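One structure is given below, encoded as structure tokens.
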Amino acid sequence: MGSFGTNISSTTSFSLTGFPEMEGLQHSLAALLLLLYAISILGNILILFIIKEEQSLHQPMYYFLSLLSVNDLGVSFSTLPTVLAALCFHAPEIAFDACLTQMFFIHFFSWTESGILLAMSFDRYVAICNPLRYSSVLTDIRVAHMGISIIIRSFCMVFPLPFLLKRLPFCKANVLTHSYCLHPDLIHLPCGDTTINSMYGLFIVISAFGVDSVLILLSYVLILHSILAIASQEERLKTLNTCVSHICAVLIFYVPMVSVSMVHRFGKNAPEYMHKFMSLVYLFVPPMLNPIIYSIKTKEIRKRLYKMFLKPNL
């Protein structure tokens, strides 16, 4: 009975798992993940560099894009150490406090991304529905306040999670199903009552992702209403085109997130590697695709990339 009441302080480490079901493909999978990391990190650094150097991009829409790129770098660097350790160096052990720290940052950056996408949808709403007031509504100071508010909200929501876990006794095998630490994975391990953890997790998911997604949808209903009021079809398409990058960013963030939730909730009989694959898509795809999408769809970024990589070779 003494072991059953083991305090969290006696739990020193967790074991992370990669894809043991795909043992023959471990090296190929590791190479693929390293490639995704490289694309994500280099792509987002390039976006930040171009926005910093290009004066024409010093406006609210691209300030939010800069914040999105910094956040995507945070997601990549949060998972990189343990993914490399587990898949490349076969060192799956992670200290308990390090695991809680990684969990905090992964969820912090996920919540922050949702807030940034909401802020970007507000930017598109003001630009299309109230273009004459755009510069007076989205001043540099107001954009900075919005960014700080998003960060504070994410921090306040995620901060209790490690402490709610730390109060619980852990007496089961400390083996996680991913190569990084996630809250839904960790709450299956304590032998104490995790009702508070589950309820709080559900509360912050609804109050952040749920509210953000509804407000983003509402903003696009209003945007679409304004676009349909434009007489010229050419002008309609031109206006709608300014939203395409953001719509893609929203879809590649929320669709994998909803898919992960659906698999966890309804895919109890699905193979374990399916859960792991969906989680990888959720964490790896948005940071990799966001800089690609904005590079393709933003004329100023395309021109700068052309000058940097093609023009010197002509």
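Every residue, even glycine, has its Cβ placed from backbone N, Cα and C.
Automated prediction, rather than curation, is the source of TrEMBL annotations.
Over in TrEMBL, the protein carries these features:
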DOMAIN    43-294  domain 'G-protein coupled receptors family 1 profile'
TRANSMEM  29-51  transmembrane segment
TRANSMEM  63-92  transmembrane segment
TRANSMEM  104-122  transmembrane segment
TRANSMEM  143-165  transmembrane segment
TRANSMEM  202-228  transmembrane segment
TRANSMEM  240-257  transmembrane segment
TRANSMEM  277-296  transmembrane segment
*Maximum Cβ pairs under 8 Å to the transmembrane segment (29-51) - stretch from the list 63-92, 104-122, 143-165, 202-228, 277-296*: 63-92
*asked:* Suppose I define contact as three or more CB-CB distances under 8 A, residues 6 or more apart in sequence; do the transmembrane segment (277-296) and the transmembrane segment (143-165) meet it?
replied: no
*Please work out which recorded stretch in 63-92, 104-122, 143-165, 240-257 has the most C-beta pairs separated by under 8 angstroms from the transmembrane segment (202-228)?*
104-122
*Taking all residues of the domain 'G-protein coupled receptors family 1 profile' (43-294) together, what is their mean pLDDT?*
90
